[in-house]
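Enquirer: This structure is in structure tokens; I'll ask about it shortly.
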Amino acid sequence: MKLITILLLCSRLLPSLAQEEGAQEMDCNDETVFQAVDTALKKYNAELESGNQFLLYRVTEGTKKDGAETLYSFKYQIKEGNCSVQSGLTWQDCDFKDAEEAATGECTTTLGKKENKFSVATQICNITPGKGPKKTEEDLCVGCFQPIPMDSSDLKPVLKHAVEHFNNNTKHTHLFALTEVKSAHSQVVAGMNYKIIYSIVQTNCSKEDFPFLREDCVPLPYGDHGECRGHTYVDIHNTIAGFSQSCDLYPGDDLFSLLPKKCFGCPKNIPVDSPELKEALGHSIAQLNAQHNHLFYFKIDTVKKATSQVVAGTKYVIEFIARETNCSKQTNTELTADCETKHLGQSLNCNANVYMRPWENKVVPTVRCQALDMMISRPPGFSPFRLVQVQETKEGTTRLLNSCEYKGRLSKAGAGPAPDHQAEASTVTP
């Protein structure tokens, strides 16, 4: 049986989405409704790894908003069909599965339209499983890809590697963070194959200021978005030995509203000579001298970079160079202004995090340092401290939101590791 537009049985128009300024309700007899929902449903079926395709049952809500790009929003209901996702058929060529055994669902989607072509911007489908017969061991395909929980601990190192690979191999100015795991499958081979689909979002951490993703990097709600499909092979030594992925990245300048000029709650660069840093630096050097077992005190020689972030208080992140002084801990109870740095003393490159809540008199400093061995062989008269430059960032940049569209193709299950690309080996540590 071929499903045609008669399936577009509208139970109600859009009372909620129509409240959006400029949004117009759509009539169920509008052919555009079918074309848009057909695009969205085909995309959803194309992303399924196993099982049967879903068929359109009813469109329940629909609006459009005109602009530089016309935006369409729909809610529609779907039911499981009798055609597998590998059949090569479209959903219109399938029949509904028996009602009692069929899974059902409801999808919410937003699409854009340019040059008479629809593209899915966002889509969320909630599926209710049917009451089909339970699978036995004989029904399971040994050696085939099987779905696994998307919050499985086995996926943590795989996802971490995937996001790091994306950040290290793209020319984007900012780091991206994981937002959602959309699909996860594993296959037992001589080791383990993983297939994952996940979404990413731009954070406020630029690659210029942050060499790697940190916990305080904040996802930007109006930043660039992307969706990735990855294949990972973990060998019998629990090492990621094979990895490939493809990502579709979409700029945040096509849909929805402007990003505020100021990102409240995001880390901001502050001048290295700012008086605001005085107290935080004092706590940092005190913590360094308290935890360092060197016979002499250290003092801060150069502040290289500093940021502050408003949280429940203020968090300072400071990079500085500390140098050994002539004040020994045996004869001095604390570091004083009279302590001078030794010309050939030891130097440390330090990173400090200082969390301050003044109204509670609470200060929590953490400092990590590494010796600057390069200082031993510096030429006479040369001081790397004089070469430190303050980097300024431009404010006022605005970005627009555009949710991602995934255009990936199904991958065939294989018995070995994904052959596309070999990533650098990295040990899997949950």
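Indices start at 1 and increase along the chain as displayed.
Backbone N, Cα and C define each Cβ position, glycine as well.
From Swiss-Prot, for reference:
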DISULFID  Cys83-Cys94  disulfide bond
DISULFID  Cys107-Cys125  disulfide bond
DISULFID  Cys141-Cys144  disulfide bond
DISULFID  Cys205-Cys217  disulfide bond
DISULFID  Cys228-Cys247  disulfide bond
DISULFID  Cys263-Cys266  disulfide bond
DISULFID  Cys327-Cys339  disulfide bond
DISULFID  Cys350-Cys369  disulfide bond
DOMAIN    28-131  domain 'Cystatin kininogen-type 1'
REGION    410-430  region 'Disordered'
SIGNAL    1-18  signal peptide
Enquirer: Taking the Cα atoms as reference points, how far is Cys350 (disulfide bond) from Cys327 (disulfide bond) in Å?
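Expert: Cα of Cys350 (disulfide bond) to Cα of Cys327 (disulfide bond) measures 20 Å after rounding.
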Enquirer: Which entry in the list of disulfide-bonded residues, Cys107, Cys144, Cys217, Cys247, has its Cβ near the fewest other Cβ atoms, using 10 Å as the limit?
Expert: Cys144
Enquirer: Using Cβ atoms only, which residues of the same chain lie under 8 Å from Cys83 (disulfide bond) while being at least 6 residues apart in sequence?
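Expert: Looking at Cβ-Cβ distances below 8 Å from Cys83 (disulfide bond), excluding near sequence neighbours, one finds Asn52, Gln53, Leu89, Trp91, Asp93, Cys94.
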Enquirer: What count of other C-beta atoms do you get within 10 angstroms of the C-beta of Cys350 (disulfide bond), across all chains shown?
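Expert: I count 22 other Cβ atoms within 10 Å of it.
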Enquirer: If you measure Cys247 (disulfide bond) to Cys369 (disulfide bond) at Cα, how many Å is it?
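Expert: On Cα coordinates alone, these residues lie 37 Å apart.
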Enquirer: So among Cys125, Cys144, Cys217, all listed as disulfide-bonded residues, which is physically nearest to Cys339 (disulfide bond)? Use the C-alpha atoms.
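Expert: If we rank Cys125, Cys144, Cys217 by Cα distance to Cys339 (disulfide bond), first place goes to Cys217.
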Enquirer: Kindly assign Cys327 (disulfide bond) to one of the three DSSP-derived states: helix, strand or coil.
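Expert: Strand, per DSSP.
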